[in-house]
């Protein structure tokens, strides 16, 4: 499945993984079928609040024996292909979750049969082997299901974009909307009519489009700078330290995102920018006739890249520390360039197109990170990158005429 592999999937239980609605089966056994069925149907279609409906239904079971659960377990049948699906998900290392408004003993029973990683359900109050008619708080409603999805993604450092939610009723709508992939399986009418082009979905769509645009732009963003250097055979105003540090940061950022399974659309530009930075670094070394220094730099850079990419593992603390270290390094990488421009009162051979594209891309990247990646370290990196790029963009505008004057003076000489 590649870079876009699903890493976590949350299933509803009733009429999704199994063929039954558990509470309706309990009602049939207890002789409460007619009283319960209508409330269940209204709840599944969003005509009545789920929390209210579950309280109304469980009240009807007051005084019933708790062996109702065992009798329902004998009736439960899995959907065709369900076991095979879970076997495949487990083989692929996908985290599997059942989050159901049904009752915990039944959810646990199915979960253990399928080998599920996590399971959640509602808990009835039982006293001396009898239902009291009460249900324990908090009730597992639509918001709680979405909360489980969000918390587990955060706990396992997984982007919501790499999570999937599968359900059939009104109680599943919030988690279906929240997950990167939402599947309405055997859906009730209210879920079938779900408007996937609402605000959150539009926001994700915009984020995806921006991410792809940034990656496409980044593939050529520093070409103007490279062409400027090649055409003039001059690296005046360019800071070797800035481009070197930025290259190291790009590698760390790329590997960190790859190892954490984040969507390529949220970090892909780091790969392309790293390659282009290396070309610029090579040109600076060679034009300044520092071939030996360039060879040493190349060997160290390749060794470091190999260590990060092939030896680091997902969740590796050292990789996390390296990503945190890029935050101050990003600032430090820009300072020599900013100071050089300030000192010379000119942007020299710095490309205006490159600077403005970098600034625009870093601003857009803040939005895509907030939308798709639940990672404060990555967000801080992009915020600081945008801040320093904004200073360079301002300097480019402020010293624009100075650049022209210096060029005219060189022509006269």
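In case you wondered, yes, glycine gets a Cβ from its N, Cα and C as well.
Predicted, not measured: the structure shown is a model, and the values here were computed from it.
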Feature transmembrane segment in TrEMBL, mapped to one of the ranges 237-255, 294-312: 294-312
Nonlocal residues around residue 12 (active site, nucleophile), in sequence order (Cβ under 8 Å, 6 or more apart): 98, 99, 100, 101, 145, 166, 167, 168, 169, 171, 172
For residue 14 (active site, proton donor), the number of other Cβ atoms found within 10 Å of its own Cβ: 26
Residues of the parent chain within Cβ reach of the transmembrane segment (350-370), under 8 Å, 6 or more residues beyond its termini: 206-207, 210-211, 213-214, 217-218, 221-222, 224-225, 228, 237-238, 265-266, 269, 337, 341, 378-379, 382-383, 385-386, 389-390, 392-393, 396, 400
